[in-house]
Amino acid sequence: MLRTHDLGSLRSEHIGQTVTLAGWVGRRRDHGGVAFVDLRDASGVSQVVVREEEVFHGLRNEYVLQVIGTVSQRPEGNENPALATGQIEVIAEKVTILNTSDPLPFQIDEHVEVGEEARLKHRYLDLRRPGPARNMRLRSEANRVARELLHRDGYVEIETPTLTRSTPEGARDFVVPARLAPGSWYALPQSPQLFKQLLQVGGFEKYYQIARCYRDEDFRADRQPEFTQLDIEASFVEQDDIISLGESIVKALWQLIDVEIPTPIQRITYADAMARYGSDKPDLRFGLELTELTEFFKDTNFGVFKAPYVGAVVMPGGASQARRALDAWQEWAKQRGAKGLAYVLFKEDGELAGPVAKNLTDTERAGLADAVGAKPGDCIFFAAGEKTPSRALLGAARVEIGHRTGLINPADWAFCWVVDAPMFEPAAAAVASGDVAVGAGQWTAVHHAFTSPKPEFMDSFDKDPESALSYAYDIVCNGNEIGGGSIRIHERDVQERVFELMGLDKADAETKFGFLLEGFKFGAPPHGGIAFGWDRVVALLAGVESIRDVIAFPKSGGGYDPLTQAPAPITAQQRKEAGVDFKPEAKKADPGATKA
């Protein structure tokens, strides 16, 4: 046995005991023939006193040691209340160097700032630092809590395939060549969606797994090409059943950081979320809401406001902003694809100022403050144009205002469910936002193609797709979507109608989803589920900005791995064996055939 005790476990009750310890040299301090070594392992740090000069002079940071010694009370005045082991020290009797270390690319110290590229390139060193190590252990605890809760509720953990066929699910697949079937390819799953539905057909009425998922998306901030979901599906359930389960999971997870989340969590419809907050994942830690002014400006002479939608959001105290700050808002808006962000300053004397104010009628000027709830000293920002992008711009401005003015308390937690989302959206809009349309039709699914319409739209969703609402529900925390689910389609004819609307005829649907449609022929039960974005959930629990901080070996921008330098070319032999360059032989003409 290389050690008898963990370094972080030693306490006053161990005084007088001989112990064998193992760990890394954290810090070393020489004091006239005596060295004090902070020895660190996964459990914590203990101070080791080394009196042999020939031993301690050869020690360097991150050397790996085995120490045999006696636990002793620290001299009075030398206690360290910052350490759990701060009452004791270990007097070394034998020190063995188990391994040495080269000079480090950065210090193993959470108080030292280290660039992300260096951290990811040497991630194994970064994980020795207290912060990253704490995040990994918190993630493990979150896994444990979820598993225990679901196990108590009768859920069965089942692993689904990570090599499957390519099926359109809203993003691009990562594809893998099938060596034994040249010209054919596997795909890595974007989610376990189809398999978990087939498990319901198979009679596993309560399923879950902590699933690895893969999406070949264009680079977006804080996205990873491979990510983790807590994936759940159940039979004979309704929306309220899954929402209740989701709330139980959230409540248990947040108890890990000593936060009690009150339940039931409030619900808001998708339509209300977009109208009031300009987002389908609203941050409810503050109450600033958008105001629609389309009716208010219906007779306006101002050309910019002659638009399908006009809306506003108020920045409290914003009238005192310098011209430079107001110009910066215009650049901020342009970075989001807008032409700018119109504004009116409501001066302390009640007068309206700014470029927009001079274009308003006396009636509009007189009624504007009341219409938007502005007070003297506030700034009113406007967006005008098509409803969806205008609301999105105002919603982003709302959050920016919340941060800039201190309306958002970072210590607060605000959850909501967003329900009754549209079932479909124009395919062109989905593609423009970076998603992949499932079929060639004019409409594609907002969530995915397997989401059931609400009962009142069951007969009409394919005739009037713009009006159809889905049985979908997303859970949002502090403006982050942390989970989403739906009641699923479980009848073959309904699923075929959805595919047809999305531009998949019966032959295409059979080719791509035939195994699912076949399963629906044999008594598929009503079912529904939810998937939590596990990386985002743990990041929120850990209080970190990026999901990269809670993933053991994350990718950097563009899906690049600085540690292994993946992706990387493969050899010509590997290409040949994998059949990457396989081309089917052209069919030879029949020499006996005659021309017509």
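Yeah, the Cβs are placed from backbone N, Cα and C, and that goes for glycine too.
Just one of Q209, Q224 is listed by Swiss-Prot for the same ATP site as R215, D216, E217, E481, G533, W534, D535, R536, and that one is Q224. Record note: among 65-102, 559-596, 559-596 is the stretch given as region 'Disordered' by Swiss-Prot. In Swiss-Prot, the annotation region 'Aspartate' applies to 193-196, one of the ranges 145-148, 193-196, 405-408. E217 (ATP binding site) has a Cβ environment of 17 other Cβ atoms inside 10 Å. Checked against R536 (ATP binding site), the recorded positions G77, E169, R215, H447, R488 differ in C-alpha distance, with R215 being the nearest. Each residue contributes its Cα atom, and for E169 (L-aspartate binding site) and H31 (site 'Important for tRNA non-discrimination') those atoms are 65 Å apart.
W534 (ATP binding site) and R488 (L-aspartate binding site) are 22 Å apart (CA-CA, integer value). For the region 'Aspartate' (193-196), the model gives a mean pLDDT of 97. Taking the Cα of W534 (ATP binding site) as the reference point, the closest of the recorded positions H31, G77, R215, H447 is R215. Taking a C-beta cut-off of under 8 angstroms and a sequence separation of 6 or more, R215 (L-aspartate binding site) has the following same-chain neighbours: A171, R172, F174, Q190, P225, F227.
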